[in-house]
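Inspection log for the structure reproduced underneath, given as structure tokens.
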Amino acid sequence: MAAKRYTSMAYANADEMTFGVSKYPVKAGLDLEIGAGYTIPEINYAPRPEAGASKEKLIKEYERITTDVMERMVQVGFPAIILETEHVQQMSNNPSWGAEVAHAQKTIMEKYHDEYGIKCALRHTIGDIRENREFLQLRGDKYSVFLEAFEQCAENGADLLSVESMGGKEVFDYAVLRNDIPGLLYSIGCLGSIDMELIWTDISKIAKKTGTISAGDTDCAQANTAMFIGGGLLNKNLAHTIAVIARAISAPRSLVAYEAGAVGPGKDCGYENIIVKAITGMPMTMEGKTSTCAHSDVMGNLVMQCCDCWSNESVEYHGEFGGTTVQCWSETLAYDCALMNTALETKNDKVLRDLMMLSDRYRDPQAYMLAYDNAYRVGQSIVKDGDNIYLRAKNAAIECCNIIEEGAAGKLELSRFETKALADAKAALEALPDDMDKFMDDCLTKYKSEVKVFKPENYGF
């Protein structure tokens with residue numbers, strides 16, 4: 001199946017978007033409907049390292065995690081929860097491990113659903129194992145194991161299928177260290193999109209075959225890397241104005257999953273999901289202030305603005321004063337959702353949405369671009385050339401630059417360092433050709449010679 005490209009927006013304007021409501025809600029798991037008028041907490045966790053020593057230890061660890069979460073949700077009176085299991089390498093390299101974990105988790109979830117009526121679903125995020133020690137091996141021997149991991153998990157209890165895919169990462173790592181804007185465009189917007197179409201066409205087939213949900217991807221490997229290198233307001237390893245361009249380019253790349261059959265909810269660490277929601281109308285999971293257990297960011301309230309599920313990134317399972325980590329963080333997420341759901345019920349959702357957005361809007365260029373009104377503009381620039389993976393990524397990057405420039409003329413403060421990086425990036429973008437074939441040929445020649453670990457055959461070249 002060829003990907004069906006988006007050439008129009010799902011919403012007539014940005015103000016139509018809010019949290020807990022999507023154009024195309026998703027039914028999943030045990031009586032859960034996502035994006036259907038209420039927000040849902042989605043707890044994300046990691047086993048302790050020693051639990052990976054054997055399959056039996058790993059299953060026991062996930063049984064404890066699942067029981068702790070379900071018990072706490074019922075104990076405090078929350079009506080719904082999604083559990084996200086991000087695979088450790090052993091679970092994807094050995095698909096039966098992931099499958100047995102999924103089965104063990106779902107058995108516990110069914111018990112709590114049957115006894116207490118709590119609505120719930122299980123997401124499994126398969127590890128992108130398509131690499132060897134030296135370089136990515138996206139279409140090699142590991143691809144069949146990668147797909148088998150999806151299929152076995154889907155057959156054994158997972159409701160939502162996701163991955164944080166790595167396509168383009170080898171060129172991105174080279175480009176981001178050199179402030180190479182064409183390299184960011186090529187790695188995320190072009191190589192990433194090519195790989196996404198391959199894998200999400202196959203994942204969506206598995207979901208259809210198994211009666212599960214092809215949920216979505218995230219550009220964690222690239223846009224989040226740029227965000228992390230950028231750091232906070234004291235850091236100068238990477239200009240935040242470059243990190244935000246990487247984020248804008250990641251939106252058309254993450255969009256490909258939905259063009260190839262995914263239906264949401266998009267995965268939590270895709271900060272670009274607000275743009276994807278504006279284009280597709282599909283439900284999205286977001287993370288922000290509740291992901292401080294895993295990393296800091298500069299837009300912790302703002303990203304709640306239009307979420308359908310609200311997540312915490314990931315937390316290692318261990319004890320805290322208030323219970324285990326998964327109990328503490330799932331309760332925090334659920335209280336945030338209770339507030340959003342009350343706002344929806346009392347028709348104050350847009351007031352709360354705008355307060356969350358305004359609290360971070362001018363903190364950083366990354367927050368400014370992801371404010372829902374500006375994110376909508378980036379979406380419009382993408383669908384304008386929706387059939388061309390190069391032009392739509394280039395459009396997103398240039399529109400991002402325009403938005404930040406407009407912000408800097410107002411309340412958004414940029415240092416000289418950030419301002420110069422933005423001007424240089426925009427000049428580099430405007431110097432690029434409009435012809436996709438020329439851009440792709442030029443980049444293939446350049447990065448094939450400069451990046452030793454870049455294997456064009458990974459992308460069908």
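Just so it is clear, glycine is given a Cβ too, placed from its N, Cα and C backbone atoms.
For GLU164, CYS220, CYS269, the entry in Swiss-Prot reads Zn(2+) binding site.
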Nonlocal residues around CYS269 (Zn(2+) binding site), in sequence order (Cβ under 8 Å, 6 or more apart): GLU164, THR218, CYS220, ASN224, GLU287, SER291, GLU313
Secondary structure of GLU164 (Zn(2+) binding site) (DSSP, helix/strand/coil): coil
Cβ-based isolation winner (fewest other Cβ atoms within 10 Å) among the binding-site residues GLU164, CYS220: GLU164
